[in-house]
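Scroll down for the structure; my scribbles are underneath it.
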């Protein structure tokens, strides 16, 4: 606190709340629930959101999706879907979290009947966290393997190579002498990945996992240890780590981009990536692919955004942050496409094959194609290390968000027992998920990873997002939700947001859900087809998260009294203590509804504290007046 000054010298002081919350250097600790913790710096929240949204999918899914769905023309449906269901749902999640300062389970005080949605979210996030950290373990494995003068996947002739292995140096030599038939050959990088890293030849399928690969197991243990140390003190520690993990990938991406576009043949790959094929826009599949890319890339529905926003101050400008993060995420995806396809163009020229024969998506791009391209460059271990270090930082901050979501959700449910022991509880969760992920470190672990990837966050996640959207707009009420945002930010959402929340976003999600069910295809990995029991297990994973919703409804109804319809009505209304977590932020219907509330009017608290009415109090008075007018209209 500043030292006392003589009354005669005192100057009029602008109250803290008149200043833009994001531009303050002052301590806003009093604005946040102290026992819960909050962000300690101005950029913690923004960088955490960017780190969470910009993940592995931006590098290994977007570029491939773009080129298979019309190249440059794909950007048209991509940005339209971003506007229809990306930005609005992103803003809705942030608003719910910031307004209530609650995690994805406790936030359902907004309508206790639908608490099962939160339970479904936690189930989905837990399953994703298990396999996502295994991908980080693979990245660590390659990172350590790059610390050498000669990359181990550069040549054939190792114990894991077969007779089909063909070195690209041989192909280049062959171009000068005799043509080499490469149709039935395998690259050294592909055999290194499948026969050495995964040792997949030791498993006959998903039902025969084989032995644990101890080097992978140690990498998984290391990745869980890193994640635990970074979330040890909740957002206070992870909020500092993201200053590095959210910004450093951009530096590496620019380095890879500059290196890529200066390679011979790079233009061939970029041309392949961006040449617009507008006839693709007439296909519904392209629009669905664009919506899916937006949906998974922004991470809506996983609870991470809601969790991060719940640690904000009450008046943080999340409206501005929404546009920074969503547009930044889209631009990053497009930039990553240039970095990837410039190198693929060079590689296709080196091998003398078309670009579409070397282009892949997912792990195939990250662990086979790109590492192979690295071996063709001078200083290949250096570029390989940089690439995998970028993937590590991209993956880690998404994993922080998954873990923070799980820990926050459960500790908010049992604050008296778990909040003082948050570090120990985080350790228990990390150990449990590490043990569950051990099957992924076996020789057949890749089959289990594909199953988890295909089903854990499929239609279950869409059902969760659709339900959230409908509950907030229809059950809680659009008018009430807009009032809450008005009270928090000082303005109401415009017609664009209201139209998206009411109609466009849920309708798009419904279309996605129907498309996913109608176009359902069984999982496969290469030429391996999954058995029926594995398919059923996968479908059950998706269905279980959906079943949480009716299960939660049954529990909520049983806790009420009266006839069945009365119980449903009571359970669908907001809980008594729903609203801002701090007493001075509660106005109108939220006044004095907190347990142990002392002050009859939060306005008095602010007047005592700041010596005048602040801009946010003016907003609160406006909201109260609107509510009174509405009540008068209803009573007439």
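Any Cβ shown, glycine's included, is placed from N, Cα and C.
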Annotated transmembrane segment segment (source TrEMBL; candidates 202-223, 268-289, 290-311, 356-377): 290-311
TrEMBL annotation of transmembrane segment - which of the ranges 9-30, 75-96 it falls on: 75-96
Segment assigned the feature transmembrane segment in TrEMBL (from 172-192, 382-402, 571-591): 382-402
Interface present between the transmembrane segment (75-96) and the transmembrane segment (496-518) (three or more C-beta pairs under 8 A): yes
Same-chain residues near the transmembrane segment (45-63), Cβ under 8 Å, at least 6 residues beyond its ends: 39, 135, 235, 238-239, 242-243, 245-247, 249, 273, 293, 296-299, 304-305, 308-309, 311-312, 316, 321, 324-326, 328-329, 332-334, 336-337, 340-341, 361-363, 365-366, 390-391, 394-395, 397-398, 400-401
For the transmembrane segment (241-258): best-contacting stretch of 117-144, 382-402, 455-476, 538-558, by Cβ pairs under 8 Å: 382-402
Among 117-144, 290-311, 323-347, 382-402, stretch most in contact with the transmembrane segment (538-558) (C-beta, under 8 angstroms): 117-144
8 Å Cβ shell about 51, 54, 58, 297, 329, 394, 397, 398 centroid, Na(+) site members excluded: 50, 52, 53, 55, 56, 57, 246, 249, 299, 332
Highest-contact recorded stretch vs the transmembrane segment (290-311), from 75-96, 382-402, 455-476, CB pairs under 8 Å: 75-96
